[in-house]
Each structure stands twice: as structure tokens, then as C-alpha cells.
Amino acid sequence: MNGGPSGFNNAPVTRTIVIASTLFTVLFGIRGRSSQLSWSYQDIFKKLQIWKLIVSVFAFSSTPELVFGIYLLYFFRVFERQIGSNKYSVFIFFSVIASLLLEVLALKLLKDPSLKILTSGPYGLIFSSFVPFYFDIPVSARFRVLGLQFSNKTFIYLAGLQLLLSSWKRSMLPGICGVLVGFLYHSNIFHIRRLKFPNFIASFFSRLSLPSMGSASPTGQGRNVVGNAPSYAGRQVEGNYPARSSSTINPPEDSIATLVSMGFDRNSARQALIHARNDINAATNILLESQTH
């Protein structure tokens, strides 16, 4: 499972978050201040070190956390492609703010000495993304290892578990708060899923982030990279991916059957596979995108 086409094509907000997290983590690591990134209730409300709260949204405390965190952020760019950069910006804002509030409340209520300091990093955003990942991304492949059944989603869950347990309780609390926020967003509390920022806010990320290497945006397909998500006339599965030539080999029947077993229409599944060059994961993303509009 690769989250669709490679690169940050049609995912400028994700690209900005990934770049910011990497730069902040490396910068503080080079200066030997990684240990100062973690924050506590006393740091914020007694010492008024608000900068720790802001930096903790982006910078990870260690290199292993950075590796797994960036991997998950990069994969979850599929959600920005599905709902559009504007609504995804709302999701990020809600996930970060709400998870931080829950973390502060938990630190205030819990009296566990081992939870005086929490690790830093975009845990709220990452773990809230696991909720739509669980509900909205179907399993496209299953396999067995030593008699145990796994799916192509298993590796994402394992990466999340590694990140969740990276600093034990100090990372578990932000992760759990992120999952709770993800459920709040999924339940559409306060009609949060309908909200949009002014278009200039989402377009700001596109101007701020660097161009993606080898991921030029397709032209002539009516796709608005930032702002609203693409329109699919008649719910056709096209737009993001260039059409194949007339010499394209028909998609394998087993791939079509896999998509049909997920609940997709056979003709739509076949068309999606053609546009995705018979990549079943990319075809799944195309079909999911067409269903959200």
C-alpha cells in the first residue's frame, strides 16, 4: 500500500508538514536541543514557555520517531487527495488543537509522575489520521505468514504502533489523544467536516512548499491542486491520472474482482485500473476519490 501515486502531487499541505517536521527536528538535533523539545504542564502554564507547545507540533524528539512519523505523514497524504487541501487543512488544524487540549487536560488530571513530560511531534495529526485510515481505506490484499493472516494495511498499523510506543507513556498519551480526536472528526462533531478555510490559506501551503521532484501535476484535467477537491462528472474515475493509450492491455480479472469485492462497480473498477496502469492500490484511491464527491 503506497497511498496512491508517488510524490506529493496534489498534496501541498502534506508536503509542507513533512518539510517543516524534518527541518525542525534536524535543526534542534544539530544544536543538541532535542531533549528540550518535550513539554510539561508546568512549562506551559507556570514557566510560560509557549514556544515548546508550538515547536512540539512539528519537531520529533529523536531520529527513530522522525523516520516512522515522516513515513506515516507521507502515506496519509492520500486523505488530502480525497477531500482536497482546503478541508485537509481544517482536519490538521482541528487535530492539532484538539489533541493538544486533551493532552493538557490529561496532564492536569493525571497524577502519574512518569507523565510529567510528553514527547514532541505531530502525534495528534498522525494518530487522528488512523481513524479515517481504518474506516475509509479498504483492504486490497491479504496474505499469510507463519499461519497468521495479514493485509496490506498491517505495515501502516505496525509503523503506528512503533511510534506510539517509542517513548512509552510519554508518547502513548499524545497518540491516544490523537485517536480520540480522529473519532470526534469522524463523527462530524460541530459539523467540522463541512468547514473550509478561505482559499488563500490552503493556497499558501502550495506557494510555501518546494516543488515535488518528478511529480508534475497533470494538465488539462480540471484538477484544482489546492482549495476544493476535484469534480468527477458523472462520478467518472478519471482526472488525476493520464489515460492509457489504445494499446493498453486489459486489466487482470483478479484485480477487477478484488475491487468489485470491495463494493465498487465492475465498469468503474476496470476504468480505474486502466488509469492507474493496473496498480490496484492507486486504482482503489481513484475510486475512493470519486466517491467522496
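For all residues, glycine too, the Cβ spot is worked out from N, Cα and C.
Just so you know, TrEMBL annotations are computer predictions that nobody has curated.
What you see is a predicted model, and the numbers here were worked out from it, not measured in a lab.
Per TrEMBL, the features are as follows:
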type	residues	note
DOMAIN	250-290	domain 'UBA'
TRANSMEM	12-30	transmembrane segment
TRANSMEM	50-76	transmembrane segment
TRANSMEM	88-110	transmembrane segment
TRANSMEM	117-135	transmembrane segment
TRANSMEM	155-185	transmembrane segment
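Listed as Cβ neighbours of the transmembrane segment (88-110) (distance under 8 Å, sequence separation of 6 or more from its ends, same chain) are residues 13-14, 17, 40-41, 44, 53, 57, 79-80, 116, 118, 122-125, 127-129, 173-174, 177-178, 180-182, 184-185, 192, 195-197, 201-202, 205. Looking just at the domain 'UBA' (250-290), the mean pLDDT is 80. For the domain 'UBA' (250-290), the DSSP counts in helix, strand and coil order read 30 helix, 0 strand, 11 coil.
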